[in-house]
Every structure is written in C-alpha cells, then in structure tokens.
Amino acid sequence: MTRVRVLLFNSAVGPFDYSVPQGMDLPVGSVVQVPLGPRRIDGIVWDAGAFGAEEIEASRLRPVLARYDMPPLSQALRRLIEWTADYYLASPAAVARMALPSGSLLGPGRSITEYRLTGEPPARMTPQRQQVYDRLAGEQATVRELAALAEVSEGVIRSLVTSGAFEAMEVPTDRPWPRPDPAHITPALNDEQQEAADRLAEAVRAAEPMPFLLDGVTGSGKTEVYFEAVAEALRKGRQTLLLLPEIALTQPFLTRIEARFGAAPVPWHSGLKQTERRRAWNAIISGQAKIVVGARSALFLPYANLGVIIVDEAHETSFKQEDGVRYNARDVAVMRGRFEGCPVVLSSATPALESRVMAEAGRYEPLTLTHRYGGAQLPRIGLIDLTQNPPPRNQWIAPPLLEAMQERLARGEQSLLFLNRRGYAPLTLCRHCGHRFKCPNCSAWMVDHRLSGRLACHHCGHAEPSPSACPECGETDCLVACGPGVERIADEVAALMPEARRAIVTSDTIWSPEKAAEFVAQVEARAIDVIIGTQLVTKGYHFPDLTLVGVIDADIGLEGGDLRAGERTFQQIAQVAGRAGRAAKPGEVFIQTRHPEAPVIDALVQGDREAFYAAETQARRDANVPPFGRLAAIIISSEDHAEAHEAARQAGAVAPELDGFAVYGPAPAPLSLLRGRHRFRLLVHARRNVEMQRIIREWLQPMRWAPGVRVAVDVDPYSFV
Ligand SMILES: Nc1ncnc2c1ncn2[C@@H]1O[C@H](COP(=O)(O)OP(=O)(O)OP(=O)(O)O)[C@@H](O)[C@H]1O
Ligand SMILES: [Zn+2]
C-alpha cells in the first residue's frame, strides 16, 4: 500500500491521506508523525477511506515522517473510538487522544528523570527557595511535579537543579509488575455467590461479549463474585479492566485485590506521577499488566488482550464525564466489551434504572445476590419526621437520632452521619443589609469552608478568605451562615457529644488515596466514633463496628426535581444505609425528612426496592424519558451575554421540526453563569427510534458561530444545570 489515511491529533482538520515511504511498514492502527503545513503532528493510521475525507491525488501526497515504536491500535479500539465519536457527537481526534494520553508516545523502555533534594542548601536562600525546602523534603518527582507540589514556578526548581541542590535520579519506566495468582487465596463462596461466579467465569472462558448486571444487596459479596471472573481471565492469560467511580476509594481496594491475588494491581488515574503513568502504560500496552484498576479515563487505553471489564458501583453518576468528550463510561464499557469480544460486569446494589431496563429486555444478563454474606442482616430503617420531631433551632440532629448515637458511643460502636454538602454552610448572608455572598464567575452562592477559613465556589473553584465584615454595608458581626454542611454537623456533634471522636469525610479531607487509607485505618483501629460525610462515604467501605447511620436531610436530593432526582435519592440513601451492620452486630438507620409520604422515602423504609423501581420505571415510560425516550442537551455559551443569547436564538430558529424530535428552548440554563460564561440551553427530546445524533449533527454542523461562542452537546445528559 502506498497511501494511508491518518487521523490527526491536536488538529481541527483531517483526516488526511499521506504516502508511505519506501521500507516503512505501516499497518492500520500504527501511531505516526506526519507533516501538516510547516508543523509535525501525531496521528493514527486509520482504515482506508474512513471518515469520508476528500481524496488527494497520489502525486500531491506528502510522506509519513516516522512511526512510533509501539503496537498498532487494534481494530476493536478503532471501532470503539469511531463509535464514541459518533454517538456522543465528538471529534474522532478528541476521542483518540484519550487512547494515547500525554507521555504515551515516548517509546518503550525509556526512563524518566526525577529529582530530589540533596540536603545541601544553596548559597543564596530566597523565600521561594525556602518554600521548596519546607515542602519537598523526602519528595522525588519530575521538575514539573515538584514545582506543583511546592507551589513555585518550574524556573525556581530548575535553578536549584543547576546549583546542585537537587540531584537527578533516572527512574526506569519498564520495570515489570508482579504477576497476580488466580489461586493465591480463594474464598469459599456460598451457593448464590458460586452460581453467579460460575456464570461469569464461563463467559470469560468463552469470551462472550455479554454485559452482566451483577445486582446484589449491600454486603452480599459482589466483589468476591467478580473476583472469580478476574481469576478466570488470569488463568487465560488475559487482562482485566476494573473501573471505579472514585479515586479516593482505590487504596483500600488495591489492598483487597492484593490480598486475593497476591500482587498489587496496576492503577490508572489522573493523580499518577509521570514515571508511574509511563510504567503503567508500558505494561498495559504490552499485556504485562494483568489487572488494571482505573478511573473512567482507563477505558480507552490500548489493552493488549482484554478478558473482562468490570464496572464497580456502576450506578454512580461520576462515570459520566461532564467536559471535553461527554461520555458515560458505563455505557462505553459495554460497547468496548462488544468490540473486544469479552464480558462486561456492571456491579451495583442499586443499579441504574437504565441497566435494570436493559436486563428486563434481555440485553444484559442479570445475576442476583439476595442476601448479605455470612448471615449479616440488612439494617432496620426508621423514619424521623422533622415536622413532628424537629431538632432545636440551628441544629440538625433530631432527638431520636442523637439518642441512638449516644447509645452507640456508650457501647463502643460507631455512627455515620450522611449529608451531601461539603463545607460549613451553603450560604452566607448579612443580617444587617441582606447581602448574600455570590461567586463573581458563576450564578452560585459561595460556600463557607471553616476548616480552611474560606468562602469557595463549588463550580469554578473561586475562593476568598472568610470575610469579617459585610462588603456591602461594612457592618461587622452581622454575617450569618445559613443551612448546614458536614463541617457544621461535626461542630454540632462536638457540642452535643464532646467525648466522641469525629472524622469529616469529604473531597476536602480525603483528597488522595493515602488520605483514604489513613481514614480507613483510623476507623478500623476504632479511633473514630462518629463519621460525618458526603456521598464519598456512601460506597465501598466495610466497617464491622459501624452500626448506626443517620441521614441528616433526605429531602435535599429531591429538591432539584430533575429526571433522576428520585432515583438518585434512593441510591444514595440505600448505599449509605448499606454501611450499617455489615458484620455480626445488627445495623440501624434513621432517615430525617419533612416528606415522609414521598414514594422514595416510603420505599426505603419498607425496604421495598422492587416497588420503587417499578413505579419509577412506569413514570419514565409514561413521560417517554430515558431510558424510554432520549434526551440531549445543547449548551451555548459565551463570555458575552448578548453573543450567547443571539447564538442560542439562531440555533433555536433553525431547529428541525420532525416527528418524534422535539426541541425545547433556548432558555437561560439554571446555572446561567459558569466560570464567567453566560449559558443558554436547548433540550432535545426524541423518540427512541429516531436518529437523534444524525439530526443534531445535520442541524448544528452548518451553523457559523461568533468566535467567542462555544457549543457543547451532551447526549444522554445526567446534569441539567
Ligand atoms: N464468600 C466469602 N467468603 C469470605 N468473605 C466474604 C465472602 N463473601 C463476602 N465476604 C466478605 O463480606 C464483606 C462484604 O463483601 P463485599 O464487599 O464483596 O460486598 P459487596 O456486595 O461488594 O458490598 P457493597 O456493595 O455493600 O460495597 C467483605 O468483607 C467480604 O470480604
Ligand atoms: Zn464560581
């Protein structure tokens, strides 16, 4: 072949054809460097004729410059990239970049230089250099990573390298990973676990491209069951990809895998250092990494031979990526399994309604675990009606819950309070003039974070020191915190039960795998009596002495009223309730609510999951919303309000009018200002059998936008702000 089609990275143009130089072997999937105008640019050799690019005459083709020394991307991965781009209306180049993240093009076997302090201070000390010495003792990393850790510029680090204060360490990035052993420690499974495990192992053995819905109550041993699928993949010499929703959870989980298989798995997430990333990458693409545990970004990597994909806590909405390519990792995982020819396991105690409907339709195979392992009982769930039994003013723990916590403390057992709100209070206002603290970049209130002494916006990250006076009227001692966040609940616990040892668990306190491990160790050592946490504590943890769970405000999640409000509330509360009484001691749960009559609250108290799913499914079917009908959100934004408004109006004016394809809006988005951009929204509601993406593409592609306008399409949206 003398001509190849190349999908270009980092470029809005292409794909283009190039000629193949004499002697260069370029199978489809090869990663190459090609000329584009005066530049050299990376790309992937794609299937001939793909993407319908225009044909260039052979005589005008420019030659491929070089081929990277790595195996070509497989056909399965190329199909996945095409499918994802097509389904989520993204550019194929943007999706392909997720398969080859930065640093992956270095070639195998290279080492990376890291630096560490020699201990010999430089002749001249500046405040910045001092900061380096204060913060980087014992650290070893690349210049860029060190600069980030010490919060100084890379120039400060480099000048210290030159002056000899740092020494260079070559870190090889092709060190092999220890080999996991499928038979290291094999647990004895109970009957229903064994049945599910056998079915999964059979599917792995036969390489069935079948999605499974592993649906088992909290503490039923879903993890032990899908470990048997991992064991089977190991026996076949194949790789496992295990996707987790939250990086903070990974450390205890990695330890658990190591205990089962005798070797640590290969982690993949955005927090890896360059050397770790490079080492993981080499092992993934060569097939040497047998068990990869990752965040959703691990989904597009070029595995050499996948044997099974597992999505743990598959109902979690954090599998949905909300910027760049807006994909749902759970759904893309199912497609990857189909293209790779391997089973996919969606594991959850509270499956997404979409997944349940797929199982009912026979598209996913259901595997069910009906009871907790080892005779542990599901917790008893009780209700506290806040209209009847309110806590005192400016407190949030109602008397019956407080009493139950005191009992636990006396017995040496642990309690968990759940409130899905970070910080101390969601709103601060001035009692004197009524001023409310708002983010300058977003239409959102600033959240009071007392632990860090700041007001912070949870949308854009803008933060300012906690004010002592009102910026509007200048009064002091007039600022009031409105409503609770976890920090405020922790203060309340401190006031009511001073002897109880507390831990606050949110992304502010548990921001690294090490922090998560520290927290787990403390709870296990019984150095904590009361845990106060956000959704971060709802999943995964297994604490035998935790016997009480209190849901501070079950109504919060229902307020927004979006499509999944009821489902999400059900999942969160069922998950957090599932942390109670997982071992010998029975668990108890109190749900505080002002709406005891709400169907979702009632289903939780009755323990009637099936009734909840049935009612919710019927309601969605009646309204023809997902998974029955389809939605897509189109967000049009600009830093200039008039420009955004005009662009949205124009898009709305030429919206297609078709049977089974309705367009609502444009209207200002609920978050009408986000990171300084004004946002307007159109919502597409389509029937299932309508080619929604094609229609949207043909509608929006010909439109010409003002330079400051951004148009984002969100297919199957989860966020309605
Ligand atoms: N067959 C078994 N042999 C020994 N221990 C088991 C077995 N099955 C489950 N367990 C133990 O029971 C506890 C709960 O199991 P596991 O974490 O797998 O449940 P899960 O269904 O994934 O829970 P959740 O969804 O609530 O996080 C764990 O400590 C696990 O090691
Ligand atoms: Zn903001």
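Every residue, even glycine, has its Cβ placed from backbone N, Cα and C.
According to TrEMBL, the domain 'Helicase ATP-binding' annotation covers 203-369.
Long-range Cβ contacts of Cys433 (Zn(2+) 1 binding site) within its own chain (separation 6+, distance under 8 Å): Cys470, Glu472, Cys473, Glu475, Cys478. Annotated Zn(2+) 1 binding site per TrEMBL: Cys430, Cys433, Cys470, Cys473, in sequence order.
For Cys439, Cys442, Cys457, Cys460, the entry in TrEMBL reads Zn(2+) 2 binding site. DSSP assigns Cys460 (Zn(2+) 2 binding site) to coil in the three-state reduction, outside any helix or strand.
Close to ligand 2, meaning a Cβ under 6 Å from one of its atoms, are these of the binding-site residues Cys430, Cys433, Cys439, Cys442, Cys470, Cys473: Cys439, Cys442.
Listed in chain order, the residues near the Zn(2+) 1 site other than Cys430, Cys433, Cys470, Cys473 are Arg431, His432, Gly434, His435, Pro471, Glu472, Gly474, Glu475, Cys478, each with its Cβ within 8 Å of the site Cβ centroid. Separating the Cα atoms of Cys442 (Zn(2+) 2 binding site) and Cys430 (Zn(2+) 1 binding site) is a whole-number distance of 20 Å. When the alpha carbons of Cys430 (Zn(2+) 1 binding site) and Cys457 (Zn(2+) 2 binding site) are compared, the span between them is 18 angstrom.
The residues near the Zn(2+) 2 site, meaning same-chain residues not in Cys439, Cys442, Cys457, Cys460 whose C-beta sits within 8 angstroms of the mean position of the site's C-beta atoms, are Pro440, Asn441, Ala444, Met446, His458, His459, Gly461, His462, Leu674, Arg675, in sequence order. By a simple count of nearby Cβ atoms, those within 10 Å, the most crowded of the binding-site residues Cys439, Cys460 is Cys439.
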